[in-house]
Amino acid sequence: MSTRNDVHLGHKARKRFGQNFLNDPYVIDGIVSAINPLPGQNLVEIGPGLGAITEPVGREVDKFTVIELDRDLAERLRNHPELGSKLTIHEGDAMRFDFTQLIKENNKLRIFGNLPYNISTPLMFHLFEFHKDVQDMHFMLQKEVVNRLAAGPGTKAYGRLTVMAQYFCKVMPVLEVPPTAFVPPPKVDSAVVRLVPYETLPYPATNLKWLDRVCREGFNQRRKTVRNCYKALLTKEQLEELGINPSMRPENLTLEQFVNMANWLDANHSAE
């Protein structure tokens, strides 16, 4: 067996795909327990890789879907003695994948995966677009990204990703994972998070473009006052009418306050 630390089960990890293969049985068991896959559910794995999570999930269910960009790995799964007949394999990029094609009536998507860390944030933004059709999502991510997803106002980790994730989903960190659980070991700690989209959004925005804009502008200038940060969009009086203290910093605004600003702007400005 090779002594290289980037070869696992005969497959060399590809840097351009951000591949790190999970190989710690304790961690794998923890993830599968958190997902709790049941027969008949509409399960979708993103980036199954060498099947560390795919195999134990396959022991619990009859059929599920996987999306894999690496052709060699997709081929391996196709020829897998136990999984081959259970899997529907989509070869391609999850960032461009239209998840509506997997929707089944009264059977929402349950999405999971050990996401390549180099695309995890844009991929989550892509997945949020399908929130109405998703029951839950379980992802292995960089621990720092999980901290950002779960952060509260006023903390260093709080940012645009936090606000947009918490707009769509309840966020629950599940499990911390050390680099030694992977081949090759990544240079960062990892963690598993559960994202559960709301049936009814707690603070609905009338136009997501405005919400995205106030988040971007706020977090790009997080140390400025709200008044200075948004002076091209809202006056001090308008902010006060919305219950927002003009002298606070954008990093201290709550999700509800960001949505209130976005909805006011949508009603009173044409989006630029």
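Placed from the backbone N, Cα and C atoms, the Cβ positions cover glycine too.
Since the structure is predicted, the reported quantities are computational estimates derived from the model, not experimental observations.
Following the DSSP three-state reduction, the secondary structure of Glu68 (S-adenosyl-L-methionine binding site) is strand. Among the features that Swiss-Prot reports, S-adenosyl-L-methionine binding site is placed at Asn20, Leu22, Gly47, Glu68, Asp93, Asn114, with the record citing sequence analysis.
Applying an 8 A CB threshold to same-chain residues 6+ apart, the list for Gly47 (S-adenosyl-L-methionine binding site) reads Ile67, Glu68, Leu69, Ala94, Gly113, Asn114, Leu115, Pro116.
The maximal spread of the S-adenosyl-L-methionine binding site, taken as the longest Cα to Cα distance among Asn20, Leu22, Gly47, Glu68, Asp93, Asn114, is 20 Å. Between the binding-site residues Asn20, Asn114, the minimum number of other C-beta atoms within 10 Å of a residue's C-beta occurs at Asn20. Non-local neighbourhood of Asp93 (S-adenosyl-L-methionine binding site): Leu69, each in the same chain, at least six residues away, with C-beta under 8 Å from its C-beta.
Long-range Cβ proximity for Leu22 (S-adenosyl-L-methionine binding site), meaning a same-chain Cβ under 8 A and a gap of 6 or more residues, is found for Ile28, Ile31, Gly49, Ala52, Ile53, Asn114, Met140, Ala181, Phe182. Annotation note: Asp93 (S-adenosyl-L-methionine binding site) sits in a coil segment as assigned by DSSP.
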